[in-house]
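Undergrad: The structure that follows is given in the form of structure tokens.
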Amino acid sequence: MKFAVAIAFTLLVCVFAQEEEEPVTCGGKQCKPNSCCVQNSHGKGKDSPRCHPLGKLNNPCEVEPNENGIYSQHCPCGEGLSCTKVGEPNKLRCQEESGKSDKSKESQGSDESEESEGSKESSG
């Protein structure tokens, strides 16, 4: 029984892994990796869906697509960034994920202190 459950779980994981790797289909075309499908629904008439790159630092962004997997104006953020409310009137923008920038600053600070200690030892 445990063996059957383990096999079923493994198959389920494989199915989900395959779904994530499939490229996004947008307006009859497949989008490249690190892109999403956007269809501007504002203004006169609807634009046809188009592939857009994922958001970069400070780019406008969206968090959730519609029921068809299409975003209304902007892609979500790329890797290492999160879609965060910024400024007035709380527009969503891609920002560094919290903790990442702090960690990099901390590691830079520790490197600098090690270097300065090393230079003191060599001069003394």
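Backbone N, Cα and C define each Cβ position, glycine as well.
The following feature annotations were taken from Swiss-Prot:
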type	residues	note
COMPBIAS	93-108	compositional bias 'Basic and acidic residues'
DISULFID	C26-C37	disulfide bond
DISULFID	C31-C51	disulfide bond
DISULFID	C36-C75	disulfide bond
DISULFID	C61-C83	disulfide bond
DISULFID	C77-C94	disulfide bond
REGION	93-124	region 'Disordered'
SIGNAL	1-17	signal peptide
Undergrad: Please report how many Å separate the Cα atom of C61 (disulfide bond) from that of C37 (disulfide bond), as a whole number.
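TA: Cα-Cα distance, C61 (disulfide bond) to C37 (disulfide bond): 13 Å.
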Undergrad: So how many other Cβ atoms are close to C37 (disulfide bond), meaning within 10 Å of its Cβ?
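TA: Excluding its own Cβ, the number within 10 Å is 22.
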Undergrad: To the nearest whole angstrom, state the Cα distance for the pair C94 (disulfide bond) and C36 (disulfide bond).
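TA: Just about 15 Å between their Cα atoms.
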Undergrad: CB neighbours of C61 (disulfide bond) within 10 A?
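TA: I get 24 for this one.
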Undergrad: By CA-CA distance, flag whichever of C26, C51, C77, C83 among the disulfide-bonded residues is nearest to C36 (disulfide bond).
TA: C51
Undergrad: Using a 10 Å cut-off between Cα atoms, which of these disulfide-bonded residues sit near C83 (disulfide bond): C26, C31, C37, C77?
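TA: Candidates kept after distance check: C77.
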